[in-house]
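According to TrEMBL, the protein carries these features:
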ACT_SITE  44  active site, proton acceptor
DOMAIN    1-124  domain 'PABS'
């Protein structure tokens, strides 16, 4: 799914991607999905350096959770600064929609001392990435600490 139809066509023609692209806004598309109809939703949406707010709310995460099949997973890429304000806000919303939530990044990023990306995930089941060199997985205790006192975004 891509909001820019021309980009979808260019991607298909240059890389011979054997997939169907839906041209739509991510939020609109997720809300149109039937319950349990997808195994994964991967969000890598940016408007400049930030993620559009409407795909970072409790209501969006709940729509994703409804659309996922049992064992399905939601994965999102978050660009963030030291202190992890964006990551904290998104995780605070995700814990209201998913029983299991986690994050992956470099140790410096997860400690809140770097600028970069954090990959977060949510599911109805525990998810483990296995060993990836240079990447640290944040556990449930880290998520609880990061979201303590943080109000989730709402529509």
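Quick reminder: no glycine exception, Cβ is built from N, Cα and C everywhere.
Automated prediction, rather than curation, is the source of TrEMBL annotations.
Quick caveat, the model's predicted, so the values are computed rather than measured.
In terms of DSSP secondary structure, the domain 'PABS' (1-124) contains 45 helix, 37 strand, 42 coil. Note on residue 44 (active site, proton acceptor): other Cβ atoms within 10 Å of its Cβ, all shown chains, come to 13. Looking at the domain 'PABS' (1-124) alone, the prediction's average pLDDT is 91.
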